[in-house]
Amino acid sequence: MAKGLHLTICVATTVLLLRESSQAGEENDPEVLAAPKSDSRGAGEGLPTLTVTTILEDPYVMVRGAELEGYCMDLLGALAGMLRFQYRVKVVGDGQYGAVAAGGNWTGMIGEILRREADIAVAPLTVTSAREEVVSFTTPFLQTGIGILLRKDVAAQDMSFFHFLSPFSKETWTALLFAYLLTCFCLFLVARLSPCEWNEPKNEENHFTFLNSLWFGAGALALQGATPRPQALSVRVIAVVWWLFTLALLAAYIANFTALLSSGSEQLPIQTFEDLVKQRNLEFGTLEGSSTFYYFKNSKNPIHQMIYEYMEKRREQVLVKTYQEAVQRVMDSNYAFIGESISQDLAAARHCNLIRAPELIGARGFGIATTQASPWTKPLSIAVLKLRESGDLDYLRNKWWESSCLRQSRERWGPLEPPALGGLFLTLGIGLALGILAALAELSSSSRRTAAHAKKSCCSVFTEEICTRLRIKGAARQSQDTSGKANA
């Protein structure tokens, strides 16, 4: 009896150990990395359980310990809470998104949906016509396109000999030259008109010649003091306005030029897919069996056909298996990766030496795949629209696409155009006008005193002063003739 009891206890203990071992093995199974989950109302209410297939791709789905996290996992949790279902997540067995194999069967997540191995696929799965023929898709939860991911040091142009002119556009440099010449001319004009600056035109030399005015303006541009020193209020008004203008202008130039040098992203030679085809320094490819590959295969665009033919001929060398492999290859070699722009934006945010080319083609979206005639397709679409309308999708995008790279945001900066400095030029123009008005007021006041003393017309004295100061020959001759007759 005691032996029988002892044997029963041993058998029970062995069964319990085997059961715990099988549970631990299930938790460590790479195919099942997350246990069934439910909403906060618990699993005791008989909620349906869906099998969800996905693919490991940062930041959509990532492994953290024995569970999964990422954008798609947060999206799936939100949908489960809205539609009241439990789910069991499994990573796709072959690591593929879904394409037609040589035998006509579908691979990847699409294949698992067709074989009823999964109920839905929640992943960065692009909605295409070929996939829509065999499965159903919900409303896209993310919009994207096809872009080119490059490494900055292989994508950047060599700096030109006149690279120091890059911070400003040609129009800005032209406007700056015009502003400089106009200011110097106003200095020259006002210094001649103002009696406080030039009291005796016939006997005194005016230090503000046009060449000296040019030198004075250039000295201010270089933040250097330059003679002559202005004495009249009108000349000082123009000088102060020009000094303020040059300070703001130099600050804008230095900031733009520093960012231009430090970013290394100036004027990429590869702006479009046509540029990519024409160059010979970089290899380029995409994910094997991805929708991007078939986009170029089916495209009628001649440039796209050239890209497809290049990738098809060099399939073994340029096609990659995973997105992580693609990013690493771009960082380590002369390779350009063609893929989803939204994933490339994340790579550029995470890795400071990567950049995405400006052109985007093939606007598309990521959707949730279900079996055809599935009762979950429409409710999932409505739930996705509600999440978009409430701003939850934008919140998830900002949460998982947050950049940890403290780099200067110079990728989309260009040379400063005149409108960007419009207020600065306007201030300079107002200052020049005030300086000229002040000079005329000073000359008018001096002319009134002279006219009262000489008992002449104020207008005639004012005109005579202007002609004398501007060296108008006709007026000078008339003045000489008048003085000659008076002497006779």
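Just so you know, glycine gets a Cβ as well, placed from its N, Cα and C.
Automatic, uncurated: that is what TrEMBL annotation is.
As written in TrEMBL, here are the features:
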- 1-24: signal peptide (SIGNAL)
- 27-46: region 'Disordered' (REGION)
- 49-403: domain 'Ionotropic glutamate receptor C-terminal' (DOMAIN)
- 59-115: domain 'Ionotropic glutamate receptor L-glutamate and glycine-binding' (DOMAIN)
- P124, T126, R131, S291, T292, E340: L-glutamate binding site (BINDING)
- 173-195: transmembrane segment (TRANSMEM)
- 233-255: transmembrane segment (TRANSMEM)
- I270: site 'Crucial to convey clamshell closure to channel opening' (SITE)
- K297: site 'Interaction with the cone snail toxin Con-ikot-ikot' (SITE)
- C352-C405: disulfide bond (DISULFID)
- K386: site 'Interaction with the cone snail toxin Con-ikot-ikot' (SITE)
- 420-441: transmembrane segment (TRANSMEM)
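Here the features listed in TrEMBL are placed on the structure.
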residue: P124; record: L-glutamate binding site; Cβ neighbours (10 Å): 23
residue: T126; record: L-glutamate binding site; Cβ neighbours (10 Å): 24
residue: R131; record: L-glutamate binding site; Cβ neighbours (10 Å): 25
residue: I270; record: site 'Crucial to convey clamshell closure to channel opening'; Cβ neighbours (10 Å): 25
residue: S291; record: L-glutamate binding site; Cβ neighbours (10 Å): 22
residue: T292; record: L-glutamate binding site; Cβ neighbours (10 Å): 23
residue: K297; record: site 'Interaction with the cone snail toxin Con-ikot-ikot'; Cβ neighbours (10 Å): 14
residue: E340; record: L-glutamate binding site; Cβ neighbours (10 Å): 26
residue: C352; record: disulfide bond; Cβ neighbours (10 Å): 16
residue: K386; record: site 'Interaction with the cone snail toxin Con-ikot-ikot'; Cβ neighbours (10 Å): 14
Shell list (L-glutamate; ref centroid = CB of P124, T126, R131, S291, T292, E340; cutoff 8 A): Y97, L125, V127, T128, T144, S290, R364, F366
Separation of alpha carbons, S291 (L-glutamate binding site) and I270 (site 'Crucial to convey clamshell closure to channel opening') (Å): 23
Per-region confidence, the domain 'Ionotropic glutamate receptor L-glutamate and glycine-binding' (59-115) (mean pLDDT, whole number): 91
10 Å Cα neighbourhood of T126 (L-glutamate binding site): matching recorded positions from K297, C352, K386: none
Counts by DSSP class (helix H/G/I, strand E/B, coil) across the domain 'Ionotropic glutamate receptor L-glutamate and glycine-binding' (59-115): 20 helix, 15 strand, 22 coil
K386 (site 'Interaction with the cone snail toxin Con-ikot-ikot') and E340 (L-glutamate binding site), Cα-Cα, nearest whole angstrom: 25
Proximal residue to K386 (site 'Interaction with the cone snail toxin Con-ikot-ikot') among binding-site residues P124, R131, S291, T292 (C-alpha distance): P124
C352 (disulfide bond) versus S291 (L-glutamate binding site) - Cα distance in angstrom: 27
